[in-house]
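Q: Take this structure, written in C-alpha cells, and hold onto it; I'll ask about it next.
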Protein chains: 2
Amino acid sequence: MTFPVVGMVGGGQLARMTHEAGIPLGIRFKLLSDTPQDSAAQVVNEVVLGDYRDLDTLRAFARGCDVITFDHEHVPTEHLRALEADGIPVRPGPDALVHAQDKGVMREKLDALGVPCPRHRIVSGPEDVAAFAAEGVPEGGEGDGFPVVLKTVRGGYDGKGVWVVHSAAEAAEPFRAGVPVLAEEKVDFVRELAANVVRSPHGQAVAYPVVESRQVGGVCDTVIAPAPDLDEALALRAEEMALNIAKELGVVGHLAVELFQTRDGRVLVNELAMRPHNSGHWSMDGAITSQFANHVRAVLDLPLGDPRPRAKWTVMVNVLGGDYPDMYSAYLHCMARDPQLKIHMYGKDVKPGRKVGHVNTYGDDLDDVLERARHAAGYLRGTITE
Amino acid sequence: MTFPVVGMVGGGQLARMTHEAGIPLGIRFKLLSDTPQDSAAQVVNEVVLGDYRDLDTLRAFARGCDVITFDHEHVPTEHLRALEADGIPVRPGPDALVHAQDKGVMREKLDALGVPCPRHRIVSGPEDVAAFAAEGVPEGGEGDGFPVVLKTVRGGYDGKGVWVVHSAAEAAEPFRAGVPVLAEEKVDFVRELAANVVRSPHGQAVAYPVVESRQVGGVCDTVIAPAPDLDEALALRAEEMALNIAKELGVVGHLAVELFQTRDGRVLVNELAMRPHNSGHWSMDGAITSQFANHVRAVLDLPLGDPRPRAKWTVMVNVLGGDYPDMYSAYLHCMARDPQLKIHMYGKDVKPGRKVGHVNTYGDDLDDVLERARHAAGYLRGTITE
C-alpha cells in the first residue's frame, strides 16, 4: 500500500473535521495533540501526545509522516524550517505560514503586492498610536483620528490580541505583552466577507464562492454562502485577490482571506488564515468538495475537488457554549424540528462563549435557511427554549 | 457531558463509515475489532481487540457503552440475548436480527406476514432438492424444475453460501457444512432492486428511494438511485413493504430489503440485511442524510434525518481489488478527470475481487453519471488504463 500518512499538528476541531474528510481517501492520519481530550484526539486512531513548541517532539512526530499540516498557526517558524531541513514536506511551508503568524509581515507583504489593506503601521507606544491616528485625519478635518485598532502581531485569534482604542490613554494595554503592535485604521465597513481558496504544491488552485461573515463580539457567528447581493465584479475581484495572494505567498492548502467591504464598494484585507477556516465550514454540507477535503488533497498534491455550491444558499451558524452543559438533549428538539439540519459538534466541554460546534442548513429560500440555522444554534446553546 | 457511547461490533468498512458519520454528532464511538488493521480500526480512537464470538469479550466491551450495534450479522443470537439481559440496549435486537442471520427464520416470518418471496422450502438432501424442483413444474409442464437456488441458512454473504444447481447430482455440496439448506426457485427477474429504510426504537421510520442494484458474479457492482424507469406504484409498494417488514420484525437501525423485480411487474424479497448496506452507499453523497448518519440516529433513538436525494441521479460503483496493489497512484488521474468524483476507500489491502472501496457520482444526466462512476472504479481497479 502506498497510501500516505498525513501528520496533523494540533488537536482542535479543524483537525477533527480534516480527519473526517480524510477517511474516505483511505489515507493514514496521525495527530500531535496536547491532551487525549482534545477535539480531534477523541476520534483519531493514531494520536501522539506532546507539545508542538518542542522541536524534538515535532521531529519525533514527523518521522514516518509523508507530509505535515496544521490545525493552527502557532508552531514556531524556526521549527518548521528545521522539519523542512530534515526533509519533511511542511504544508503550508514556513515562508508562507509566517504571513498568517505575524500580522506585521503580512501587511508588509500585501503592501508590496499592491493588495488593498486598511491603513496601518507598526507602532512603538501610546504616543505613536496618537500620531498614527492623527495621520488619518484628512487635511482640514476635525478630531484626533481615533478610534484606532491595535493588534499584537502574533498570537491573536477570535478577537483576542485585538483592541479598539479611543485615545492614547487607552492604548497602553497592547504594549504590555512585549510583542510588536500593529495599528490599523478602524474601517467603516458595510459588512465582512471571506474569500476561501485552496492551492496545491504544483500550483493548481480553486476558489470557493465569496461568503458573508457576521461577527458578534469579535467571534464569527453566521456565514452565508454565497454572500447575498454581492456585486459580481466585486466577488470576482475578491476571488482573484485571494488566488493571487495564495500564489504570491506560496500557500499550500486552504487560505482564508477575511475582507472588509467598504461603503465605497472596495474590499480591504483584514486577516489571513492558512488552514481550513470557520468561514468555510458551510462547505461541509454546501459545496461539492468541502474545504477540509480540498485541504487534504492540496497537502498531498492531489488534484483538487470542485468547490462549487450544491445549494442556492447555505448558512453556517456557530454553536457557542451557554449556561447549559448538556447540548445532547437539545438534539431531540432540533432534529425533530428540522430533518435537514446538519449538526457538527466538536466533542468539547461547554464553556460560556466557547465555540463547541456549528450547524449548517441549505435551501432555496435564504430567510428560511437563516431561520433554521439560527434556531438550531440558539436552541443548542440554550438561548432559545421553544 | 451526556453524549452517549456507541459500541460497534465488527471492524469492517460499514463500521468505518458509521464512525465517519458519527463524528459530527459529537458522540463517542467504541469499536470491537479482530485486528488493528481492520478497516474501521485504522480510523477509530477507542478500539478493543477481541473475538465477537466470545461472550466474555462482548460483555467486557459492552460495559460503558450506551448502545451496541453491528458491522455484520454474525454475532451469535444467544450472546445478544445475554447482553440484553445484562441491561445493554442491543440495536437491532436479537429478535429482529435473527431474521437477517437465518434465512430459514426470515422466509418463515415473511410468509406469515404475507410478504411475497420466491417459492422456497428447507430441504434435507439432493433428492429432496429434486422433489422441490419438480414441485415447481406447472401441471402438464416440461422439464425437471431445475435450476434451483440453494443457500445455507446461516453464514453466507456476497454470493458465498449460495449455489445455483442444475440437477440433484450437483446438489450435494451445500449439505456438506452441516447447516440447514434452503431451496428457492430461481426467479426470472428483470432486475434487482433494494428498498432501504431506517427505524428508531420509538417507531419513527424513513424510506430511501428504491434503487436498482446490479450484481456481477453475486457481488454488488453498481447501484443507481433512484431506480430508473421504476413504476411509481411499484416503488411505493416496495417502500411500504420494507417499512412494514421493519415494523413487524421490530428492526432498529438500517434495514436493506433486496428485491427481485419480476417480468410480470411484482417485487419478491430476496434477502434482508439489518445494518447499513452496500445498496445504500450512494446516500453518503446523494441523500440529505446518509444511511450511516441515520443508522447512528436510530440506534440512539434520535429523530431521523431526511432520506431524500440531493441530486436527480446518484450512481455508486464498487471498487474491487484487481491486479495492481497500488490504488493511490490512480487518484491522480481519477481526480483530475472528474473534480466532482467522490472516492470512498476502506483502507483494505487489495486482493483480486475484494471490495476495497466505492465511488459515488451524481448529476442530472444518468448516462454521464454512470460513465463517470464506471470509469473511476475501473481505473482504480486497473481494468481501465486510459
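For all residues, glycine too, the Cβ spot is worked out from N, Cα and C.
Caution: TrEMBL annotation is automatic and unverified by curators.
The annotation ATP binding site is assigned in TrEMBL to B:Lys103, B:Lys151, B:Glu184, B:Glu185, B:Lys186, B:Val187, B:Glu192, B:Asn270, B:Glu271. Annotated domain 'ATP-grasp' per TrEMBL: B:107-301, in sequence order.
Burial and contacts for the listed features, if you can.
A: Sequence-distant neighbours of B:Glu192 (ATP binding site) (same chain, 6+ apart, CB under 8 A from its CB) are B:Glu212, B:Ser213, B:Arg214, B:Gln215, B:Glu258, B:Leu259, B:Phe260, B:Gln261, B:Asn270.
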Q: Measure between the Cα atoms of every pair in B:Lys103, B:Lys151, B:Glu184, B:Glu185, B:Lys186, B:Val187, B:Glu192, B:Asn270, B:Glu271, the residues the record assigns to ATP, and report the largest value in Å, rounded to a whole number.
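A: So the binding residues stretch over 18 Å, Cα to Cα.
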Q: Given a separation of at least six residues and a C-beta threshold under 8 Å, show me what packs close to B:Glu184 (ATP binding site) in the same chain.
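A: Spatial neighbours, sequence-distant, of B:Glu184 (ATP binding site): B:Pro118, B:Arg119, B:His120, B:Val148, B:Val149, B:Leu150, B:Lys151.
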Q: Report the member of B:Lys103, B:Lys186 (the binding-site residues) whose C-beta atom has the most other C-beta atoms within 10 angstroms.
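A: The most densely surrounded of these binding-site residues is B:Lys103.
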Q: Which three-state DSSP class does B:Lys103 (ATP binding site) fall into?
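A: The residue in question, B:Lys103 (ATP binding site), is helix (DSSP, three-state).
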Q: For B:Glu271 (ATP binding site), list the number of other Cβ atoms lying within 10 Å of its Cβ atom.
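A: Result for B:Glu271 (ATP binding site): 18 neighbouring Cβ atoms inside 10 Å.
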Q: Quick check: in three-state DSSP terms, what is B:Lys186 (ATP binding site)?
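A: B:Lys186 (ATP binding site) sits in coil per DSSP, no helix or strand.
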